[in-house]
Amino acid sequence: MKLAIGADHAGFPLKEEIRGYLERLEHEVIDLGAYNAEPSDYADFAEAVGRTLIAGRAQRGILVCGSGVGVNVAANKMPGIRACMCHDTYSAHQGVEHDDMNVLVLGARIIGPALAFELVSSFLNAHFQKHEERFVRRLNKVLAIEARYMGETARH
Ligand SMILES: O=C[C@H](O)[C@H](O)[C@H](O)COP(=O)(O)O
């Protein structure tokens, strides 16, 4: 599978471990940084991964920051991106099967490489169950919300 991966400085060490894991499994990996642990901003990497999926250059993405929250929030601002932080294997595959999640988000300050590899494996081996009418109906409602509120913003 063609995969886009990205992380800020806090996610960098785990992203490196994940890249190695994916390459051992012979996936095609587009590594969008960070390329070192110098302080950086999670939004830049979330956007880079999202842009790569939107352009069709990768089928799925993996994003890592310290908690997972920042990249999760940022990636979901982009149309067509369905990113979710999953630190349990059930959500990592069910999120794809039921919700067509296309970006797996991990928190490098929360989990270690062994669990991360299991989560990535669950995510990559799962497929959206498009023959299930209820999942398609719900996804279409999500896409309709995205289209309805494009360009608007919540006030504090
Ligand atoms: O949600 C945000 C992420 O967890 C960041 O990785 C985190 O805020 C980075 O923290 P710091 O700049 O203190 O290393």
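The backbone N, Cα and C atoms fix where each Cβ goes, glycine too.
Please treat TrEMBL annotations as automatic predictions, because they have not gone through curation.
Around C65 (active site, proton acceptor), the same-chain residues at least 6 positions away in sequence with a Cβ under 8 Å from its Cβ are A7, D8, A10, G11, Y42, F45, V71, G107, A108. As annotated by TrEMBL, active site, proton acceptor applies to C65.
Per TrEMBL, the feature active site, proton donor maps to H98. A helical conformation is recorded for H98 (active site, proton donor) in the three-state DSSP classification.
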Local Cβ density at H98 (active site, proton donor) - other Cβ atoms counted within 10 Å: 16
